[in-house]
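Per Swiss-Prot, the feature intramembrane segment maps to 362-373, 374-381. Here Swiss-Prot flags 374-379 as motif 'Selectivity filter'. Residues or ranges marked as topological domain 'Cytoplasmic' by Swiss-Prot: 1-184, 249-259, 312-326, 418-477. Residues or ranges marked as topological domain 'Extracellular' in Swiss-Prot (evidence: similarity to another entry): 207-225, 281-290, 349-361, 382-388. The transmembrane segment annotation in Swiss-Prot covers 185-206, 226-248, 260-280, 291-311, 327-348, 389-417, and the record cites similarity to another entry as its basis.
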Amino acid sequence: MTGQSLWDVSEANVEDGEIRINVGGFKRRLRSHTLLRFPETRLGRLLLCHSREAILELCDDYDDVQREFYFDRNPELFPYVLHFYHTGKLHVMAELCVFSFSQEIEYWGINEFFIDSCCSYSYHGRKVEPEQEKWDEQSDQESTTSSFDEILAFYNDASKFDGQPLGNFRRQLWLALDNPGYSVLSRVFSILSILVVMGSIITMCLNSLPDFQIPDSQGNPGEDPRFEIVEHFGIAWFTFELVARFAVAPDFLKFFKNALNLIDLMSIVPFYITLVVNLVVESTPTLANLGRVAQVLRLMRIFRILKLARHSTGLRSLGATLKYSYKEVGLLLLYLSVGISIFSVVAYTIEKEENEGLATIPACWWWATVSMTTVGYGDVVPGTTAGKLTASACILAGILVVVLPITLIFNKFSHFYRRQKQLESAMRSCDFGDGMKEVPSVNLRDYYAHKVKSLMASLTNMSRSSPSELSLNDSLR
């Protein structure tokens, strides 16, 4: 057969230019000119083979006597392939598995762009849906796995109190201080902490009003002594709170790796640094410039509001979302940067001779930023018709640019919020009143890993079950 194609060697033997195809028992005669319309497909390439070896590379078997080509493929899908050779279009029935169909047409060398317009949208949509469902399933699985690891770490920390002096008492204090909502005591402590934080923030804000300031001997505005009392009480409470948590912490090294504990520390450190600086300035007048350091540190009191994250599921979820959404945030900043760069140059070109506020490109950066973020302060506005049209395009582009990444970030926020709720529900269900369970000859981590895993599986169905129904004690029995 060397040097000749299959059609050349079979032309005299194949009646009416036909070849026989057998696909899993489904037999058909096909005209060669029909197949040669699509020479890049498997059957089209089959007609151009010059040797038996080349033929067997494209089919599973070849009968020399019957001139029949056998393919070990699904016979139920081959009629769709036949229809393609006759019409040049692929059609996909709704009951077919799109992935099986995709693999089949890939085998026959038929590209997906041959799918007719009536089926194309549905076909590609059905291919995307399972990928989205798979992503959601992986997201839920990651949520369950992460929650399981965290709840297991929680149990390991609780077990460290066993065998220590006043271990059970310290464990109850640790649970009350670190887990708002765990018990009546923890709820009361949480409410008091929130009130002190809010009182400290309100005091700082009121102290900036001239009506609440008292001039000192040099006529400079100073703090009202009543506000100083509130401030000192707040610092005393925050210090007590931090020291108490540290005293009952199961792991002192791990204590300061917790972001919430670092926030507690940073909320009181500026006060003590300011106190030391003021004492140094009073004793050494030549270091009066250090007083400015004290003024800057006093402004850091506003960060005390972050202490509310310990008592708010939403704030903790927001922090986790920002931590794990750096790619989406970077994408958002990239989109905004590109838009700002383009529209600022356009606005500068149009308005530089008519508007002093837009006479430089850096000035146009500010205008483009407030326009794309739809803030629109109105301090600088274009005056020409072309400038107003540019501003309109800038605002519309900003809306589109901001909306796209925000959707991804919101999905992650929902994911972390759901996971945080699962953790809180599990911790509220814990009861260590009689201490940890004794498990002779069994590794404590392995034991609780086995028991808590079943709990976390049930927590994934919280939407169908009330949190009060999820009792950890029941799962440990």
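Using N, Cα and C of the backbone, Cβ positions are placed for all residues, glycine too.
The DSSP breakdown of the topological domain 'Cytoplasmic' (249-259), given as helix, strand and coil counts, is 5 helix, 0 strand, 6 coil. Within the chain, the transmembrane segment (226-248) has long-range Cβ neighbours (under 8 A, six or more residues past its boundaries) at 170-171, 173-174, 177-178, 192-193, 196-197, 199-200, 203-204, 206-207, 212, 255, 261, 264-265, 267-268, 271, 304, 307. Long-range neighbours of the topological domain 'Extracellular' (382-388) within the same chain, counting only residues 6 or more positions beyond its ends whose Cβ lies under 8 Å from a Cβ of the stretch, are 347, 350-351, 354-355, 358.
Within its own chain, the topological domain 'Extracellular' (349-361) has Cβ neighbours under 8 Å at 367, 379-384, 386-387, 390, counting only residues six or more beyond its boundaries. Counting residues of the topological domain 'Cytoplasmic' (312-326) by DSSP class, helix then strand then coil, yields 13 helix, 0 strand, 2 coil.
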